[in-house]
């Protein structure tokens, strides 16, 4: 077997590395990290065949021009960290000048973290309006054993973090649906917030909204002041379903009439759908188990699949 020539070794060193499964956030991004890899591999093969390394110059892993981009990671710095509940934080990131991410509604962005030498990627939905200028905010729940959570918990003001995107989103159009029924569990609230705000900010938009937020306890409801503000609009109703509360007596009276204890089950779903003012179009966001349960209850309540969108 002949030894590899120096030239061959040079080319091997330049070959793009195949992503590991931990690097795929599993949210169906386009391009997925694997698509980016395929593209870079094809570029590398072309350059190698022509023995021309200058053809690889276009390969950039991250950029610093602070424009969000689906193909490459961009650096953003953390401008504030606010703890909302024992395990959930709101992070604010700086955008240069008064630029904005220009996200469409409910779009997510992908975070890259390196933990113990392992690269991990996860998708999060900013809760700030898509046209917010000079900043964006993300709601993140940290898990005790989560790889990404260990990285996120170290963040402090001034730290630089890498994001790419945007991806996905719900193609919302004002007044297209008579009523939106939003079913959100925990941080699944995130993609609902920009949609709610776009409806309340638009005087011409007369869409009714019923938001059902599922949390373990009253203390674990995120963004209460914001939700209370939104619920003051004539066309917005907010219900809470608290799986670990047993009685409503300890809750502030303003919450008692629109809060249910226990889980959001098929019967409660039927009750909520029957209280909707128009036939609802349903948006769902939570864990995969939550999403499956909700889809099942909706089907049992006579809501067709083409009247649902799962984030």
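Heads up, the Cβ atoms here are built off N, Cα and C, so glycines get one too.
Unlike curated entries, TrEMBL annotations are predicted automatically.
Sequence annotations record features per position, and here TrEMBL assigns FAD binding site to 122, 124, 139, 141, 148, 149. The Cβ of residue 139 (FAD binding site) lies under 8 Å from the Cβ of 84, 88, 89, 90, 124, 125, 127, 187, 189, 190, 222, 223, each of which sits 6+ residues away along the same chain.
What TrEMBL records for 71-173 is domain 'FAD-binding FR-type'.
Note on the domain 'FAD-binding FR-type' (71-173): DSSP counts are 6 helix, 51 strand, 46 coil. All protein chains included, residue 124 (FAD binding site) registers 23 other Cβ atoms within 10 Å of its own Cβ. Neighbour count (other Cβ atoms within 10 Å of the Cβ, all protein chains): 20 for residue 148 (FAD binding site). In sequence order, 142, 143 constitute the residues six or more apart from residue 149 (FAD binding site) in its chain with CB-CB distances below 8 Å.
Spatially close to residue 122 (FAD binding site) yet at least six residues away along the chain are 25, 110, 111, 113, 148, judged by Cβ distances under 8 angstroms.
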